[in-house]
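Positions annotated as domain 'Response regulatory' by Swiss-Prot, on the basis of sequence analysis: 4-118. Feature annotation from Swiss-Prot assigns Mg(2+) binding site to Asp9, Asp10, Asp53. As annotated by Swiss-Prot, 4-aspartylphosphate applies to Asp53, with the evidence given as a curator's inference.
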Amino acid sequence: MAKQVLLVDDSEFMRNLLREILEEEFEIADEAENGVEAVEMYKEYDPDLVMMDIVMPIRDGIEATSEIKEFDAGAHIIMCTSIGQEEKMKKAVKAGADGYITKPFQKPSVMDAISDVLTA
């Protein structure tokens, strides 16, 4: 059975791009547009992996990561961030992020990050 991934990004374009990259090897559990939805969907689906944008409305990826990790310390979360967001990445790691990819990204970097997180 394929591992389930929850895609979290306020940009439909970015969610679609991640879906295209991942759908051959993973099952997409669902998609969320903000951190509030991400936490709710995580609790509903219990996915193997979350691909989480950092900057989102309502609740950002850092806050959502922290809340998911409080609920499930073993959750695997990879942050998706833009170049120049180093300070936010440091906060995301403190919140419990397991890895990150930088936008714009290509399939090899996404798959490498996932492999690193899921085999750690």
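All positions are counted from 1 along the displayed chain.
From the backbone N, Cα and C atoms, a Cβ is placed for every residue, glycine too.
Annotated features taken from Swiss-Prot, shown on the structure.
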residue	record	Cβ neighbours (10 Å)
Asp9	Mg(2+) binding site	25
Asp10	Mg(2+) binding site	18
Asp53	Mg(2+) binding site	26
Report summary line: Counting only residues outside Asp9, Asp10, Asp53 in the same chain, those with C-beta within 8 angstroms of the Mg(2+) site's C-beta centroid are Val8, Ser11, Met14, Arg15, Glu33, Asn34, Met52, Val55, Met56, Gly61, Cys80
Report task. On the DSSP side of things, how many residues of the domain 'Response regulatory' (4-118) fall into helix, strand and coil, could you say? Result -> 55 helix, 27 strand, 33 coil
